[in-house]
Ligand SMILES: Nc1nc2c(ncn2[C@@H]2O[C@H](COP(=O)(O)OP(=O)(O)OP(=O)(O)O)[C@@H](O)[C@H]2O)c(=O)[nH]1
């Protein structure tokens with residue numbers, strides 16, 4: 001039964017070339033990585049600001065139609081609502097710094113406001129328009145206003161939202177749209193009401209599909225642009241951006257960011273003796289082993305050819321010996337001749353005096369890595385300058401006590 005179910009799923013998913021995990025990522029944002037959230041937040045925010053800017057200009061301009069078509073009393077009431085809406089759109093479009101800690105929540109809140117303003121405008125003006133529309137021209141304009149919530153639902157399609165997010169954003173818009181139809185003096189017939197609801201649901205379906213495909217496309221591009229294709233680690237460029245952010249976040253919250261700078265030992269001899277393919281395999285092994293020992297919040301950056309940086313947010317330096325012990329016990333990989341892969345490691349922490357900036361931390365970790373090379377390789381140099389040869393696992397834990405007092 002289970003294998004039949006798997007076969008059915010595989011056949012359904014095969015033509016789309018999407019894995020089950022990728023489908024789940026398009027349905028709900030729960031599994032999104034921090035980097036993807038940050039990217040999605042900047043795309044959503046940029047689009048919210050662009051549309052809000054356009055609406056801040058167009059909404060008051062449409063007052064001309066109100067003045068031409070409706071009586072002055074109705075027109076002025078509509079213009080009042082227009083000016084209020086335009087002020088909110090202008091505030092949304094105003095350039096602002098992205099939140100450091102919650103950029104995604106900030107972007108979603110802005111999007112919600114962008115969607116609610118036209119829907120509320122429709123709710124507040126529906127009865128006024130229904131009562132003031134006696135001529136054909138007035139009825140036509142009132143009819144166009146009535147499409148506003150449906151247009152808003154269609155507008156959701158330009159945002160990279162998962163299916164669940166699109167649905168949650170659509171519910172208040174649909175609620176306000178249907179609610180305003182109930183408020184007017186001559187309520188819609190059941191057929192009109194059903195037709196409006198059907199149209200809205202169709203729009204929501206289109207918006208959901210478009211949002212999901214944008215999510216997938218964005219995730220593919222972000223992963224490709226940010227990660228080194230050979231090892232899957234962050235590239236130097238995306239790693240620098242991540243370090244900048246992690247340093248600021250840890251500084252703001254009074255936590256320590258610790259860096260471990262790895263450089264593979266005698267790597268050139270692997271290339272020279274066994275070829276670049278063998279060298280590449282060793283690089284992949286090292287990246288996989290280090291990543292397997294890290295937490296979800298840690299990141300691994302390929303800094304240069306055979307140099308990697310593990311960035312460990314919210315990690316006091318005294319916790320690092322245990323991590324390195326775990327890594328060492330698991331092994332960093334194997335050289336083509338069967339010998340263990342080893343690395344020289346420099347450790348630096350933002351809790352050190354005058355740590356200053358992330359660039360400073362990298363420089364210190366790099367210098368310590370060179371010091372570890374000079375001390376014979378397969379070793380770690382700590383912030384207090386002490387050097388630990390990694391080979392016997394027991395030594396790592398004994399140094400933990402020393403470093404915790406000196407860091
Ligand atoms: N296979 C492979 N080799 C690479 C890659 N990037 C850099 N390298 C090689 O990495 C080697 C680095 O050599 P060195 O800097 O001399 O260092 P080493 O031999 O590891 O010696 P020590 O660092 O002193 O222990 C060079 O031969 C580079 O060509 C890569 O992506 N794949």
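Cβ coordinates are placed from backbone N, Cα and C, and glycine is handled just like the others.
TrEMBL entries are annotated by machine, without manual review.
Keep in mind it's a predicted model, so treat the numbers as computed, not measured.
Looking at the stretches 4-25, 26-47, 48-69, the one that TrEMBL records under the feature transmembrane segment is 48-69. Residue counts for the domain 'GGDEF' (255-385) by DSSP state, with H, G and I taken as helix and E and B as strand, are 57 helix, 29 strand, 45 coil. It is 144-161 that, among the stretches 48-69, 75-95, 144-161, 190-209, forms the most Cβ pairs under 8 Å with the transmembrane segment (107-124).
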